[in-house]
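As given in TrEMBL:
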TRANSMEM  57-75  transmembrane segment
BINDING   GLY63, VAL66, ASN70, ASN324, LEU425  Na(+) binding site
TRANSMEM  87-108  transmembrane segment
TRANSMEM  129-156  transmembrane segment
TRANSMEM  210-230  transmembrane segment
TRANSMEM  242-261  transmembrane segment
TRANSMEM  281-306  transmembrane segment
TRANSMEM  318-339  transmembrane segment
TRANSMEM  413-441  transmembrane segment
TRANSMEM  453-471  transmembrane segment
TRANSMEM  491-508  transmembrane segment
TRANSMEM  529-552  transmembrane segment
TRANSMEM  575-600  transmembrane segment
REGION    627-648  region 'Disordered'
Amino acid sequence: MCDSFERANKRLVLSQMTSEKPPLPADGQRDESEAGLEVEQVALEAARDGWDSKVEYFLAQVGFSVGLGNVWRFPYLCHQNGGGAFILLYVLLMGLVGVPLFFLELAAGQRIRQGSIGVWRHISPKLVGIGYSSCVVCFFVALYYNVIIGWSIFYLGSSFQYPLPWENCPTEGNDTVKECAASSPTAYFWYRKALDITDSIDETGELNPIITGCLLAAWVIVCLAMYKGIKSTGKVMYFSSVFPYVVLLCFLIRGVTLDGASEGIKFMFYPRLEIWADVQVWRQAATQVFFALGLGFGSVIAYSSYNPRNNNCHRDAFTVSGVNFMTSVLATLVVFAVLGFRAKTIATECVKRNVKAVLEAMSSTPLPDLLINASDVESLKYEYICSYAQFPSISLAFIAFTEAMTLFPGSPFWSALFFLMLLNLGLSTMFGTMAGILTPLTDTFKTLRNHKLLFTACSCVVGFLIGLTFTQRCGNYFVTMFDDYSATLPLIIVVIFQTISVAWVYGADRFLEDLKRMLDRPVPVVYKYLWKYVCPAAMLGLLGASLLKMILERPTYTAWNREKASKENLPYPDWALAVLSALIIVAFLPVPIGYIHFLLLERLGQSPADAEAGYVPCATTDIDLTPLGTLPPSGDDPNSFPPLLHENHGSRLQNGHIEHFESSNEL
């Protein structure tokens with residue numbers, strides 16, 4: 001019966017690829033097991049949704065990879081780390097590490113047609129924990145990322161006022177509020193009006209009702225967009241992925257016409273190659289490549305798993321990576337064109353005030369030796385551009401950029417446009433993050449698959465309730481903690497295991513042969529060496545540099561001191577370090593647990609496939625696309641199956657889904 005099922009599965013795959021009915025089997029090849037073949041074919045085809053078009057898929061991948069980090073983190077790092085020199089380093093690491101690993105995830109998801117849990121279990125059941133670890137990290141990221149979306153909603157709602165509420169300092173009686181006068185209107189609005197922030201993470205404070213309401217709105221939007229899976233998400237992507245580019249182009253056209261824009265762009269791209277000698281610059285560039293492409297989250301795998309197997313994922317890897325990089329450069333041009341305008345405007349006003357004061361002093365007291373050097377004006381201008389680096393990257397959009405927009409004619413229009421762009425950038429990434437949670441879990445557990453809508457709604461409710469931690473008055477400090485530590489180290493470890501799993505456990509040569517048959521074209525052999533040597537070495541170096549930084553330097557966060565009306569770096573207290581460490585451990589813990597679980601089941605003589613009856617990897621295996629060397633033999637020895645196909649050798653229809661069983665036990 002196993003042989004007949006393989007023949008039936010082969011005909012089904014051919015019919016899916018050619019859109020024709022499968023040919024009838026030759027005489028003598030039919031048996032009783034093929035009586036229900038048509039029913040099983042329908043079940044197999046209905047077992048997994050697919051993208052309605054290649055455009056939807058492309059927009060979804062671009063929307064996930066292009067997020068808020070492209071608008072503020074990349075320009076921030078670029079400015080801090082040598083301008084043009086950082087961009088060159090980023091391109092180098094993108095080519096050597098980013099694109100190969102991105103291609104690996106795309107190919108694995110498309111080849112096996114499962115979420116992250118199913119993919120790594122399919123390659124080796126011992127490594128199933130990699131998929132669960134990706135889900136945990138996605139959950140951590142979703143918790144705080146939606147809070148940032150909530151902030152964008154708050155600022156978007158506040159933009160429909162003239163003048164903008166952060167344009168001028170408020171007054172108390174006849175006096176300007178002291179905290180605002182000592183800082184700036186935009187900083188005061190962000191820290192006091194939006195966040196009402198405490199002086200440290202130790203001071204919790206009550207919930208911020210406005211931000212809590214915005215967080216609720218963000219989760220409702222996510223739930224509505226995800227309730228039908230990719231069928232609903234794909235339609236939303238037509239707007240959420242395209243609209244930010246329209247806004248960025250509008251800002252670029254407006255920005256380059258502003259006085260001082262050219263100085264800002266020149267300052268941005270002036271290369272300082274000496275920074276290449278700094279190990280931490282390499283660490284930051286590699287981390288940015290890592291997060292820009294969304295590696296390790298499982299979302300790339302989830303999205304690609306809905307593709308037809310003959311989709312050219314190799315081309316997609318280059319296309320999506322290229323769009324991601326160009327978006328970062330476009331956003332950087334916009335940011336520094338606007339900040340150049342802001343710097344020149346503020347510097348000019350400062351010079352005018354100083355010249356006026358000098359002239360008034362000279363009218364009363366002669367100052368023959370006083371000289372005003374024009375170069376001082378340029379120095380002052382660049383000093384204001386440099387002041388951008390003082391802002392934490394996550395606050396750039398809410399302080400520095402908002403201040404620059406107050407100088408625009410028609411500032412409420414530009415502000416609303418900007419924060420609507422941030423909202424769409426955040427949502428498109430959030431959809432991918434949620435797919436990294438929902439897809440692998442519904443693929444793995446039958447109960448969740450049968451109640452997908454309820455599971456989606458419950459996930460959003462749980463995310464909102466836990467997210468209330470971030471809407472306290474000290475919530476911004478927890479956002480910073482999660483952003484810096486909950487994902488970085490666990491994801492690096494996950495990607496290291498992913499790369500080793502494919503390149504060494506499954507075999508790089510074998511995987512390349514799979515891809516050659518799947519894509520019907522050869523894949524460059526250079527990927528073999530990149531996956532086996534370059535990428536693991538680079539990721540291990542990044543992991544080592546990150547660990548050294550944490551060990552040698554006590555982690556700190558940027559706090560807002562109300563009395564001083566300024567930022568200050570504070571060390572995390574001991575309890576916060578314990579929370580920080582717990583986040584890292586919990587995110588990585590599924591990897592060893594999965595390995596130990598497999599060994600225990602093996603000791604007990606129980607197959608991992610028996611432990612989770614809802615898992616359906618064999619429904620995704622194309623017999624005719626599998627290399628000859630990996631096909632199961634025709635003999636009866638179940639132990640002779642290769643690792644990719646070892647666990648499950650048969651299937652049957654039950655409750656509308658394909659259930660799998662051991663051929664040696666059930667046949």
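Note that Cβ sites are derived from N, Cα and C of the backbone, with glycine treated the same way.
This view paints the features noted in TrEMBL onto the structure.
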{"residue": "GLY63", "record": "Na(+) binding site", "Cβ neighbours (10 Å)": "26"}
{"residue": "VAL66", "record": "Na(+) binding site", "Cβ neighbours (10 Å)": "27"}
{"residue": "ASN70", "record": "Na(+) binding site", "Cβ neighbours (10 Å)": "26"}
{"residue": "ASN324", "record": "Na(+) binding site", "Cβ neighbours (10 Å)": "24"}
{"residue": "LEU425", "record": "Na(+) binding site", "Cβ neighbours (10 Å)": "27"}
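Contact between the transmembrane segment (129-156) and the transmembrane segment (491-508) is supported by 3 or more Cβ pairs under 8 Å, counting only residues 6 or more apart in sequence. Contacts between the transmembrane segment (242-261) and the transmembrane segment (413-441): present, as 3 or more C-beta pairs lie under 8 angstroms, all at sequence separation of six or more.
If you count C-beta pairs under 8 angstroms between the transmembrane segment (575-600) and each of 57-75, 87-108, 281-306, 491-508, 529-552, the highest count goes to 491-508. For the recorded Na(+) site, residues GLY63, VAL66, ASN70, ASN324, LEU425 set the reference point as the centre of their Cβ atoms, and the other residues of that chain within 8 Å of it by Cβ are VAL62, PHE64, SER65, GLY67, SER241, PRO244, THR327, SER428, THR429. Between the transmembrane segment (318-339) and the listed ranges 57-75, 210-230, 281-306, 491-508, the one holding the most Cβ pairs under 8 Å is 57-75. Touching of the transmembrane segment (210-230) and the transmembrane segment (413-441) is concluded from the presence of at least three CB pairs under 8 A, sequence neighbours closer than 6 excluded.
When the stretches 57-75, 87-108, 281-306, 413-441, 491-508 are ranked by Cβ pairs under 8 Å to the transmembrane segment (529-552), first place goes to 491-508. Among residues of the same chain six or more beyond the transmembrane segment (281-306), those with a C-beta under 8 A of the stretch's C-beta atoms are 48-51, 57, 60-61, 64-65, 69-70, 73-74, 77, 80-82, 86, 89-90, 93-94, 97-98, 101-102, 105-110, 112-116, 119, 131, 134-135, 137-138, 141, 230, 275, 313, 316, 320-321, 324-325, 328, 429, 432-433, 435-437, 439-440, 487-488, 491-492, 494-495, 498, 538, 541-542, 545-546, 549. Counting Cβ pairs under 8 Å that are 6 or more residues apart, the transmembrane segment (491-508) and the transmembrane segment (87-108) reach 3 or more and are in contact.
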